[in-house]
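For Cys323, the entry in Swiss-Prot reads active site, nucleophile, with the evidence type sequence analysis. Sequence annotations record features per position, and here Swiss-Prot assigns active site, proton acceptor to Glu357. Under the heading S-adenosyl-L-methionine binding site, Swiss-Prot lists Gln189, Tyr217, Asn222, Glu238, Asp298.
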Amino acid sequence: MTYKRIDTSEYPQQLAQKADRVREMFRPFHLNEVEVFESPASHYRMRAEFRVWHEGDDLYYIMFNPETREKIRMNEFIPGSLLINELMKELISLLKPNDVLRRKLFQVDFLTTTTGEAIISLLYHRPLDDQWEQEAIQLREALTSIAKVEVIGRARKQKRVLYKESVTEEVKVDGKSYLSLQTENSFTQPNAIINQQMISWAKRHAGNNSHDLLELYCGNGNFTLPLAENFNRVLATEISKSSVAAARENAELNNIKNVTVVRMSAEEFSAALSGELESKRAADAEIHSFDCQTVLVDPPRAGLDKDTLKLVSQYQRIIYISCNPETLTENIHDLSSSHKVTAAAMFDQFPYTDHIETGVVLERKS
């Protein structure tokens, strides 16, 4: 929950500097071009977290200066969606006079969609009782004039969901819309516009195929479902139980029938595919029946481990989405004996920060 004050007029210059860094990063791989995808300069983040500061009768959101750790009062949040900013103001005005809802409240999390839905999570340093729930129900009703809002209370070893713990986002890719169930406290792409551009880029480079797609780290099916129409079948793996459930539900929601989602880590899948591990989940999914020639990976910051690198090196085409340039370049070097980079892109998922999201396509050398 750190925050540096931003000046939107500086965004074009910052984007250009970031793009230069990415071009330099890919220079050793002899690429002629790196596509750069620009974010909106403001109101691009669909989720945000704030600490709550109590000062007498006053109550307000804060974030911290990353260098000095100084508290910054947040009456608005320029990176946050317009809906986050609207809800911030209304919520704090409703919490201030409410002794039950404000007592030992220390954090508020917002998750919003482009379709006007939101989840507000209230985090406490105390157990939540029935009185809290009654007040929270009234709070939710008061906020419905702004958006379709769900309210969730969290405390140590406790979670109180009033009605639902998910919202439905509409992801628009190349003129087509996909519904995406997004669950509270599960990973979702923070920048909706950039996310749509990432999916579109991946679809373009995937091409239209008669074979199958393997996807590792599929999350809630963010890439899986739009790419399903590019392939005969899709075999997708994910370790998070809630994300697997969301991916399967999203496939049903969009009436996509050619996707199989398996709850396995990339390491487990690799071992099961090679025959080193007996797995009922792998057997039930009939993983050996798939004819995968393309693999899509969107790993955590640590990148791909040795076993997963060995696995992906067997495929004709690798589409690699990365949130860490260092581990990405290491992995590309590891794959350089079998594959070459044929396309690269920078997606400015996190404007005004040093964080860089990139995508590369690697093709097997002839």
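Using N, Cα and C of the backbone, Cβ positions are placed for all residues, glycine too.
In the three-state DSSP classification, Glu238 (S-adenosyl-L-methionine binding site) falls within a strand.
When secondary structure is read from DSSP and collapsed to three states, Asp298 (S-adenosyl-L-methionine binding site) falls in the coil class. Cβ atoms within 8 Å of the centroid of the Cβ atoms of Gln189, Tyr217, Asn222, Glu238, Asp298 (the S-adenosyl-L-methionine site) belong to the same-chain residues Phe187, Cys218, Gly219, Asn220, Phe223, Ser243, Ile321, site residues excluded. Taking the recorded positions Glu238, Asp298, Glu357 in turn and counting surrounding C-beta atoms within 10 angstroms, the largest count is reached at Glu238. On its own chain, Asn222 (S-adenosyl-L-methionine binding site) has Val171, Ser180, Thr188, Gln189, Asn195, Ile199 as residues at least 6 apart in sequence with a Cβ closer than 8 Å to its own Cβ. In three-state terms derived from DSSP, the residue listed as 'active site, nucleophile' belongs to neither a helical nor a strand segment and is classed as coil. Look at Tyr217 (S-adenosyl-L-methionine binding site): DSSP puts it in coil.
Distance noted between the C-alpha atoms of Asp298 (S-adenosyl-L-methionine binding site) and Cys323 (active site, nucleophile) is 8 Å. Of the listed recorded positions, namely Gln189, Cys323, the sparsest CB environment within 10 A is found at Cys323.
According to its DSSP assignment, Gln189 (S-adenosyl-L-methionine binding site) is coil.
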